[in-house]
Amino acid sequence: MERTFVMVKPDGVQRGLVGDVIRRFEAKGFKLVGLKLVSVSRELAEQHYGVHRERPFFGSLVEFIISVPVVAMVWEGKGAIAAARKIIGATNPLEAEPGTIRGDFGVDIGRNLIHGSDGPDTAASEIALWFSESELANWEPATKAWLYE
């Protein structure tokens, strides 16, 4: 099964949307294997968003992510990365489809509520950056037989 990293950003935490995010991933049939509330250090934020280091918004993005705790999660399931991207919606909430997290709750690209890994390599590196192996639970949900052939 594939794993992906998902983070509810400060705006999602402040707006009380963590439960809605978790509910959508659980309803899709994904298994939660890692979950924690994190007060993000500047170093961690800069590592996570390192790909944007040369972009003009990098500084404000780092300040935003360290401003309030975030909820970091690892979800597991068949096609988890691509499915998570669909559940999350387009980066710009104004372009996100209704029924997606950003489409239903987002109003501004700078406050787009949630981050999700964009591919297998990114997922692996983000999971390793945010979680130690001992923080990830290996378990089998009772619903597995009802989800997969």
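Here the Cβ of each residue, glycine as well, is placed from N, Cα and C on the backbone.
Annotated in Swiss-Prot:
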- K9, F57, R85, T91, R102, N112: ATP binding site (BINDING)
- H115: active site, pros-phosphohistidine intermediate (ACT_SITE)
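Where Swiss-Prot records a feature, it is marked here on the structure.
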residue: K9; record: ATP binding site; DSSP class: coil
residue: F57; record: ATP binding site; DSSP class: coil
residue: R85; record: ATP binding site; DSSP class: helix
residue: T91; record: ATP binding site; DSSP class: coil
residue: R102; record: ATP binding site; DSSP class: helix
residue: N112; record: ATP binding site; DSSP class: coil
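Listed in sequence order, the binding-site residues near H115 (active site, pros-phosphohistidine intermediate) (C-alpha within 10 Å of its C-alpha) are K9, R85, T91, out of K9, F57, R85, T91. Each of the recorded positions K9, R85, R102, H115 was scored by other CB atoms within 10 A of its CB, and the lowest score goes to R85. Cβ neighbour count within 10 Å across all protein chains ranks N112 highest among the binding-site residues T91, N112.
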